[in-house]
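Beneath this line is the structure, given in structure tokens, with notes to follow.
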Amino acid sequence: MKTGKIIKVSGPLVVAEGMDEANVYDVVKVGEKGLIGEIIEMRGDKASIQVYEETSGIGPGDPVITTGEPLSVELGPGLIESMFDGIQRPLDAFMKAANSAFLSKGVEVKSLNREKKWPFVPTAKVGDKVSAGDVIGTVQETAVVLHRIMVPFGVEGTIKEIKAGDFNVEEVIAVVETEKGDKNLTLMQKWPVRKGRPYARKLNPVEPMTTGQRVIDTFFPVAKGGAAAVPGPFGAGKTVVQHQVAKWGDTEIVVYVGCGERGNEMTDVLNEFPELKDPKTGESLMKRTVLIANTSNMPVAAREASIYTGITIAEYFRDMGYSVSIMADSTSRWAEALREMSGRLEEMPGDEGYPAYLGSRLADYYERAGKVVALGKDGREGAVTAIGAVSPPGGDISEPVTQSTLRIVKVFWGLDAQLAYKRHFPSINWLTSYSLYLEKMGEWMDAHVADDWSALRTEAMALLQEEANLEEIVRLVGMDALSEGDRLKLEVAKSIREDYLQQNAFHENDTYTSLNKQYKMLNLILSFRHEAEKALEAGVYLDKVLKLPVRDRIARSKYISEEEISKMDDILVELKSEMNKLISEGGVLNA
């Protein structure tokens, strides 16, 4: 290992000379305390290093030792239910080692627990030919996650020895005879974070990732293996949307990256997730979650690493055949870290001071999402769905981070400050948001939920757009100038907004809505419209239609529990009978 010498320190950036044997992206130990850093630029024998820990106390002349390895993560049993910092140091072990509630400098802790024994059950046998990605056994990591142990990349040969029993992550579980000699396999493997894990082939995403949030699932769905952006100003509810998708999203593994956001928000996740039950398994949500906390007061450089660490862990579970979602909150803070490092490197700035390579770095991250066939004999299919929050200053979505993100992702959930001020949550603006997966997801919904799902969605969306146009007229000449048909449209659109799109994240029945319940709710609201139009044609006054008692039941249908969905069919029957009664009375009276 070559030792260099520091010649300059500028915040998280350290420049060292005598580093001619090092490579870009090598990990180095900086100073007497051995702070972890990564080389981001080489000029002759001078290396520019971004340090992932606080650099106070380091000065020129201090040593820099290269490890000769890129920044890598340890992948194996013990990831689920863990909380790491940006460079995969477990925070609980960190606290014990540092004996402090705050991050101390130069503390070395292993990413995965070396003492804990895991029960390994082999699925391969001696004599089997194996190559990269083949599953050789399993470990029941939590009640929900079966951890498949795969042959690491670069290993191909015949199994010479394989053992069942309890092992820690460093003990040998199998020996593979390769052309270059015997290779020992353990429960753990390492992977460089900046390099995407290989797969056999990419697939077209065709299935929606349901979230239980009506505005998302019905109007702007994201596919399993898709990418979505959630831009919005402060206080618009980005973090709650991310939490809701993490809690109720239809994925088997959740990787939640808190990147440069408030520490309290990560505390919320830690407090809430263990108590919440997964609707599919009945187990705690924490039993399928990996948390990476890189809060706003932690070193800036580690924000970049935290995003890559998160996506690498997500790809690892994808290779096992799982559907994984990764939440990054917020990519703007990561971009700000890039801007700070770029400024200290004295690079030519791009828009608003961000580096010229901002777009390509964002693309590197989002392009690692997708649905794939993993390497290995059994053709496992896995998916990584990436959902990134963006925090544009002042809610201005024309700024570089939002624009670069929108060029890459296919789903845009635009949060609106005006809706948030009106206490309309989730404050996703239905007129500016979009999903490019809509057509494919509509086909899936028509086949699996109800054959008129797409038709109902199109009708509801058209009503909301008509409402926006009619509101202009109402502002100018008042409601009285509208025809009864137009007034009915406004009332139904209001019902869609307040009774369907608005959702209470803290109400036990309203926080999550199944696709079946979503269909029945939307069908109820639009059935009211169709029945009301018949009544108006029969000569019934609109005021009478709007005063029907069944309207209250339609509005409160969102609070019906999933077990009592059949009550909605009763409301539909009641709606039709009340309307028919009005028509039989009103039609005669007004004839």
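Any Cβ shown, glycine's included, is placed from N, Cα and C.
According to Swiss-Prot, the feature ATP binding site maps to Gly232, Pro233, Phe234, Gly235, Ala236, Gly237, Lys238, Thr239. Phe234 (ATP binding site): 12 other CB atoms within 10 A of its CB, across all protein chains.
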Next item on the list: Give the sequence-ordered list of residues that share a chain with Lys238 (ATP binding site), lie 6 or more positions from it, and have CB atoms under 8 Å from its CB.
Entry: Val230, Pro231, Gly232, Asp329, Ser330, Ala389, Ser391, Leu415
Check: Cβ-Cβ under 8 Å from Gly235 (ATP binding site), same chain, 6 or more residues apart: which ones?
Finding: Ala417, Ala420
Checklist line | Close in space, distant in sequence - Pro233 (ATP binding site), Cβ under 8 Å, 6 or more apart | finding: Ser391, Pro392, Gly394, Gly395, Leu415, Ala417
